[in-house]
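Taken from TrEMBL, the feature active site, proton acceptor applies to HIS275. The annotation FMN binding site is assigned in TrEMBL to 90-92, SER120, GLN152, THR180, LYS251, SER273, 309-313, 332-333. Taken from TrEMBL, the feature glyoxylate binding site applies to TYR154, ARG189, HIS275, ARG278. Summarising the annotation, TrEMBL assigns domain 'FMN hydroxy acid dehydrogenase' to 3-383.
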Amino acid sequence: MDKPQRLLLNIEDYHQQAKGKLPAMIYDFYSTGSDDQLTLIDNERAFRQIKLRPKVLIDVSSHSTKDSINCQTQVLNSTTTLSFPCMIAPTALHRLANNEHGELATVRAAVACSTVMCVSTNASVNMKRIADEHRQQIRMNYPQSTSQLWFQLYVLKNRRSTQKLIERAEECNYKALVITVDHCEQGNRECYIRNNFTLPNGIQAENLVDDDNENSEFGRTYRSNIPIDAALSWKDIDWIRSITSLSVIIKGIIHPDDAREAIRHGVQGIIISNHGGRQLDTCQGTIDALRDIMIALGSDKDQIDIYVDGGIRRGTDILKAIALGAKAVLVGRPILWGLAVDGAQGVQSVLNILKNEFRLAMMLCGCQTIEDIRKNNLLILDNRSKL
């Protein structure tokens, strides 16, 4: 007798379904962290430790002509509208989850859900093909979509190779560069060694594969260390800003001093991130880091867009991040679980689950708008300084 189909009601349902479907080597590649995986665990646990204090007797009804709950928000200096404050984080090699379409399936869901997709340097589909699919989906199927593409950039040792990636992103009409800065050396990911991780035939990091490119060996095999420059510093951020008109967002900020420095160097945004627990183990959880950074920046926080990723598994997690001052969150692994289970439709379903949970959390907390979340004093925190 066939085993009954699991009801896919939440992100954990998609996680378990994907776990049962993916080969162990690929599942571990996506799911695990570094060392003892304490940061990976803490990212989720820290959200659960924040409690909500809802307000009541506020009209949150839906009328025939107008929905009183508005989940939309604006990011990137108010130039981009999201259907709700959640974006697709950059994650590598989507064809491992969905061999046929990979990132092309993910971008279809991003367009359908009017959100931003951050395309990884290590994508398994070339950035131009993703951009072409993005344009076609908007033109043919979703003309009202406000979706955008941002390009996640690893700064390579060869600066000319880095500049070529930036130029290609500009040519393909990406709207922002998301520069990863917490990867001077790859974290200790023991599952790679235990599983002898190798890329299946036909799958490679397409943006790094070029006949005259010294990074091609990594792009084709994923076995050698990615040729990222361990000497990366703030002067390189200044250099990137000098050669591009794209907005610059720094991903991998945890320390308040680095958030202050980002403001001084004129970047448009920061993503508070510990690389999904895949780099420095025992690093602070991201929602706790968000809180510390917002306190440290004070009024200066209004000079920059602040985003957060890591551990977001429920709509209430998104609401908590917004209440602490984030413009939006980014989700990575949940997107991969949706992609593995049902391609573009699976990713779209994951985003819709989070949106519906977020909207319900807004209603139950007495919030009609995103701004209400920020001003309604909804969080019960510990005895550290309050925002």
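Just so it is clear, glycine is given a Cβ too, placed from its N, Cα and C backbone atoms.
Since we're looking at a predicted model, the values are computed, not measured.
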Rounded to a whole number, how many Å is the Cα of ASP309 (FMN binding site) away from the Cα of HIS275 (active site, proton acceptor)?
8
Distance, ARG278 (glyoxylate binding site) to GLY311 (FMN binding site) (CA atoms, angstrom):
12
CA-CA, which of the recorded positions ARG189, HIS275, ARG278 lies nearest GLN152 (FMN binding site)?
HIS275
Rounded distance in angstrom between the Cα atoms of ARG313 (FMN binding site) and the residue listed as 'active site, proton acceptor':
16
What residues, ordered by sequence, lie under 8 A Cβ-to-Cβ from ARG278 (glyoxylate binding site) and sit at least six positions away in the same chain?
THR32, GLY33, SER34, LEU40, GLY187, ARG189
Among the recorded positions HIS275, GLY311, whose Cβ has the fewest other Cβ atoms within 10 Å?
HIS275
